[in-house]
Every structure is written in structure tokens, then in C-alpha cells.
Amino acid sequence: MTITLGQSTKNDKDLFDTMDDWLRRDRFLFVGWSGLLLFPCAYFALGGWFTGTTFVTSWYTHGLASSYLEGCNFLTAAVSTPANSLAHSLLLLWGPEAQGDFTRWCKLGGLWTFVALHGAFGLIGFMLRQFELARSVQLRPYNAIAFSAPIAVFVSVFFIYPLGQSGWFFAPSFGVAAIFRFILFFQGFHNWTLNPFHMMGVSGVLGAALLCAIHGATVENTLFEDGDGANTFRAFNPTQSEETYSMVTANRFWSQIFGVAFSNKRWLHFFMLFVPVTGLWMSALGVVGLALNLRAYDFVSQEIRASEDPEFETFYTKNILLNEGIRAWMAAQDQPHENLIFPEEVLPRGNAL
């Protein structure tokens, strides 16, 4: 009986192993399995947006000009939402609405659903890319977790909110001025600025900006001197073994300024991660609430007193009047199919207007 020891010369790699080797190969631009989702979706989302803002009108959906071809500029061009009558249709090119006609598909607002869906999956692909790379180089996945916050905001605003309303029509169009108009709509119809979830979101974003400014300035203030390193490209050497700045000095400085300071870098940087991510998550949760038409804070006692006493007015009651004005003007403009007509006598009046 003979036993042969050794490796088989037969190549046992299957198709999956071959693809895995190619996708995760060390190259200038990492592809990875996540790239199969990220790159095509990002390409189609950006391509659809550039196509729409360059050529496609919103006349048939909003009664507006929205492309460079019609005279818009970068701030006023947009890929606008489908008409309200199309409700929540996916508006597939081969669907019953467009029936394979590309021109009709563009007129109906098909580019919006195209850009929104590919954009959402592109963002998810980018988050998965961070997970994949972190796993490959044995890092923890906090970058991907942090990026989940803007994804949550995007999905809640562009998908969850219009799904709770009557159609995609009530989502934001993809354009600068269009987003501004959507913000005004949110304020007028939902009193968004007085929503506690919006307040948490603003606190998170502005708090994160403050933390970044303080952290960057503190690091610059407490850099260790390293000879000529600050004046040469040695200052950018990514493999230095020593610390870049003095945490002890920074701690003493802020202890004297505020009376309290971060005692270690782990807690400091976790806090810088926690503040903006939690703020954005809370904003996304608030938008989900708006999809269900949940109300913001209402100070009804002030409204009742203001209606009875012409000399009593607060910033809150002034804002309520402004919201009523926004609703009165926007409803008639945004929903012409409803034939909404507001006589002069029912339009809001007050010091705010």
C-alpha cells in the first residue's frame, strides 16, 4: 500500500473564488463586491440627474421650466417629481405609463424615480464599501455606521415621507432651488422648525461643526515641535511612531476654560461621532413621523389668546400666521388639479403678513 503526501496540482478555484480574487485585488481604486452595487448605481443616478437637468422639462408634472435647455441655471435646474396623479408608481420605462417611450417617460417624471432609486442603492453601496474595506484591513466598522446617518435622512425624506403622502409628487425634486422650496413646504404644512426631532437634528449638525472646529484648533495649538518636520514634507509622513499633539496640554487648557475636559482620546472621538450621527438619525425619525402627519409642538393657549386679544402676539403666533400663508399659496400652486381657489377674505392676515 502506497500513500502519497503533498498538494494537488489541480486548480480547485471555482467562479466565486476567481471573482473574489479579482474584485478584492489591491489596486489604485478598490472595487470589491460592494462595487458591483455602488459603481453602476452611482453612474446611473448621476447620469440621470445630468440628463434631466440639461434637457428634461417639468412642464407636464409641475408646470415649470427645470432644465438648462429652457433657460435654468445650476441653482434652478432640477429633476422634478412625477405628477400627483401618478401616485406611487415606480414609473418603469417599460411600465403601463410610458410603455417603452423614452420621451413620454421623461415627460411623466420617470427620471425622478430612476435617480432616487439608483441614488439610494448607490449610497447603500458606498456604506457597504466601507464595511468591506474595514473588514479587509481589520478595522472596526464605525465609518460605515456613521455613513448610515445620511442614508437614513435620504431614505426618510425621498421615500418614507412621500409614501406616507399621496404620491412621489410630495418628495423633494433633485435641485438646489427645488430643495429650498421643499423646506418651505415642510415648514408651512408641518411646522417643521418646531418639531423636537428637527431640533435634535440641528443640535447634532451644528454641535458637530463646533466640535470639529474646537478639535482642529486644539490639535493645531498643541502640536509637538519636531525640528524641521513642520517645514518639510516629513510633516505629512503617515508612519510616524510618536504622537502628533499633546493630549495632556489640551486637557489642561480646556479644564481651565470650561472647568471640564475630555480625559482621553477614545471618549473625545466617540463623542464627535455620536453627536452628528445621532442628530441625523433623530431627524430621519422625525421625517417618518411627518409621513404619518404627526404634529409638532402646538401652543394652543397662545393661539386662542392671540385670536381674542389683538394686542397679544408672540413669535410663535406670528410663525403660525406665516405657515397659514405658505399653505394658502402653495396648495393652489402645487395642486392645480384640485382647483383650489382661496378668496381674498380667507387668506391670513396679521402683523406677520
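Even glycines carry a Cβ here, placed using N, Cα and C.
Less than 8 angstroms from the CB of H118 (chlorophyll a ChlzD2 binding site) sit C41, A42, F44, A45, G48, each of them six or more residues away in the same chain. As annotated by Swiss-Prot, chlorophyll a ChlzD2 binding site applies to H118.
Non-local contacts of N143 (pheophytin a binding site) by the CB criterion (under 8 A, 6+ apart in sequence, same chain) comprise Q130, A134. Here Swiss-Prot flags Q130, N143 as pheophytin a binding site.
Under the heading chlorophyll a PD2 binding site, Swiss-Prot lists H198, citing sequence analysis as support. Under the DSSP three-state reduction, H198 (chlorophyll a PD2 binding site) is assigned to helix.
The Cβ neighbour count for H269 (Fe cation binding site), using a 10 Å radius and every protein chain shown, is 14. Marked as Fe cation binding site by Swiss-Prot: H215, H269.
On its own chain, F262 (plastoquinone binding site) has N251, W254, L268, F271 as residues at least 6 apart in sequence with a Cβ closer than 8 Å to its own Cβ. Per Swiss-Prot, the feature plastoquinone binding site maps to H215, F262; the stated evidence is sequence analysis.
Look at Swiss-Prot and you will find T2 tagged as phosphothreonine, backed by similarity to another entry.
Feature annotation from Swiss-Prot assigns N-acetylthreonine to T2; the stated evidence is similarity to another entry.
Listed as Cβ neighbours of the transmembrane segment (41-61) (distance under 8 Å, sequence separation of 6 or more from its ends, same chain) are residues 67-70, 72, 77-83, 106-109, 111-112, 114-115, 118-119, 121-122, 125-126, 169, 173-175. Swiss-Prot lists 41-61 (among others) with the feature transmembrane segment, giving sequence analysis as the kind of evidence.
Sequence annotations record features per position, and here Swiss-Prot assigns transmembrane segment to 125-141 (among others) based on sequence analysis.
Summarising the annotation, Swiss-Prot assigns transmembrane segment to 153-166 (among others) and lists sequence analysis as the type of evidence.
According to Swiss-Prot, the feature transmembrane segment maps to 208-228 (among others). Long-range contacts of the transmembrane segment (208-228) within the same chain, counting only residues at least 6 positions beyond its ends with a Cβ under 8 Å from a Cβ of the stretch, are 234-235, 242-247, 249-250, 253-254, 268, 271-272, 275-276, 279.
Here Swiss-Prot flags 279-295 (among others) as transmembrane segment.
Long-range contacts of the transmembrane segment (279-295) within the same chain: residues 149-150, 152-153, 155-157, 160-165, 186, 190-192, 195-198, 200-205, 207-208, each at least 6 residues beyond the stretch ends and with a Cβ under 8 Å from a Cβ of the stretch. Counting every protein chain shown, the Cβ of H215 (Fe cation binding site) has 16 other Cβ atoms within 10 Å. Neighbour list (H198 (chlorophyll a PD2 binding site), Cβ cut-off 8 Å, at least 6 residues apart, same chain): W192, S283, G286, A296. The 10 Å shell around the Cβ of Q130 (pheophytin a binding site) contains 19 further Cβ atoms across the protein chains shown.
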